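K.L.:
Would you mind keeping the following structure in view while I ask a few things?
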Amino acid sequence: MNVIFLGPPGAGKGTQSKRLEARYGIAQISTGDMLRAEVAAESAIGKQARALMDAGQLVPDDVIVAMLESRIAQPDCAKGFILDGFPRTQGQAVALDSMLKRRGARIDVVLFLEVDEEALADRIAGRFTCATCGAGYNDLFKKPKVEGTCDVCGGHSFVRREDDRRETVAARLVAYRKQTAPILPYYEAEGLLRRIDGMADIDTVTAKVFEIMDAITKK
């Protein structure tokens, strides 16, 4: 089962991807992590990407797709994979489909988390994490049980991401609307797109994701 998660930044794609991975045994793939791993391993593709990044250039789609092809050939992807954060453009979507077709594979479903952008901005701006263990919290709906103390490790230091500031979030949402949102019709035309209310609580969203996945796997 090969899955793509789509949705604006902060919609909960990472959280739901991890839950999907745990339930169905399919590997979650972060293109950012994948890129860093190839560079660290000094593979041929990694060296090419490193040279581009050192020159201040973006890594082109064909290099990313080549890395992805190498990644999905790994044993942990035998049952399938989950893509979180890729593709981001229609060009990437087309390149991904072409690569998978060459391998005799395909995308089985595209899960789109729909959210209200104003509420989403509030949600993102409220995020903070434990500086010690990385446990996540939110000012709006998930504060530590004891104020100033991490529920998981008991730490007392918390951090907020610089790009979670409201003005930064607004810029990220604008970029998303211009770049990524237009690929929704592409997958809708393929009959792969499934829309999910991303504003529901996390467990409700997970239940809907599992419902969709179970229906597909039973076909």
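Every residue gets a Cβ built from N, Cα and C, even glycine.
A quick note: this is a predicted structure, and the numbers were derived from the prediction, not measured.
If you look up Swiss-Prot, you'll see Gly10, Ala11, Gly12, Lys13, Gly14, Thr15, Arg127, Ala200 marked as ATP binding site. Taken from Swiss-Prot, the feature region 'NMP' covers 30-59, and the record attributes it to sequence analysis. Residues or ranges marked as AMP binding site in Swiss-Prot: Thr31, Arg36, Gln57, Leu58, Val59, Gly85, Phe86, Pro87, Arg88, Gln92, Arg161, Arg172. Taken from Swiss-Prot, the feature region 'LID' covers 126-164. Summarising the annotation, Swiss-Prot assigns Zn(2+) binding site to Cys130, Cys133, Cys150, Cys153.
Can you walk me through where each of these features ends up in the structure?
P.N.:
Spatially close to Gly10 (ATP binding site) yet at least six residues away along the chain are Val115, Leu120, Arg123, Ile124, Arg127, Asp164, Val169, judged by Cβ distances under 8 angstroms. In the three-state DSSP scheme, Gly10 (ATP binding site) is classed as coil.
Packing against the region 'NMP' (30-59) from elsewhere in the chain are residues 66-68, 70-71, 83-86: each is 6 or more residues past its ends and has a CB under 8 Å from a CB in it.
The Cβ of Val59 (AMP binding site) has 19 neighbouring Cβ atoms from other residues within 10 Å, across all protein chains displayed.
Remote same-chain residues near the region 'LID' (126-164) are listed as 10, 172, 201 (criterion: CB distance under 8 Å, separation of at least six residues from the stretch ends).
For Cys153 (Zn(2+) binding site), the same-chain residues lying six or more positions away in sequence with a CB closer than 8 A to its CB are Cys130, Thr132, Cys133, Ala135.
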K.L.:
Any idea what the Cα distance is from Cys150 (Zn(2+) binding site) over to Gly14 (ATP binding site), rounded to a whole Å?
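P.N.:
Their Cα atoms are separated by 21 Å.
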K.L.:
Looking only at Cys130, Ala200, the binding-site residues on record, which one has the least crowded Cβ, with the fewest other Cβ atoms within 10 Å?
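P.N.:
Counting other Cβ atoms within 10 Å of each of the binding-site residues Cys130, Ala200, the minimum falls on Ala200.
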K.L.:
Taking only the Cα atoms, work out how far Thr31 (AMP binding site) lies from Lys13 (ATP binding site), in Å, as a whole number.
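P.N.:
Between the Cα atoms of Thr31 (AMP binding site) and Lys13 (ATP binding site), the distance comes to 14 Å.
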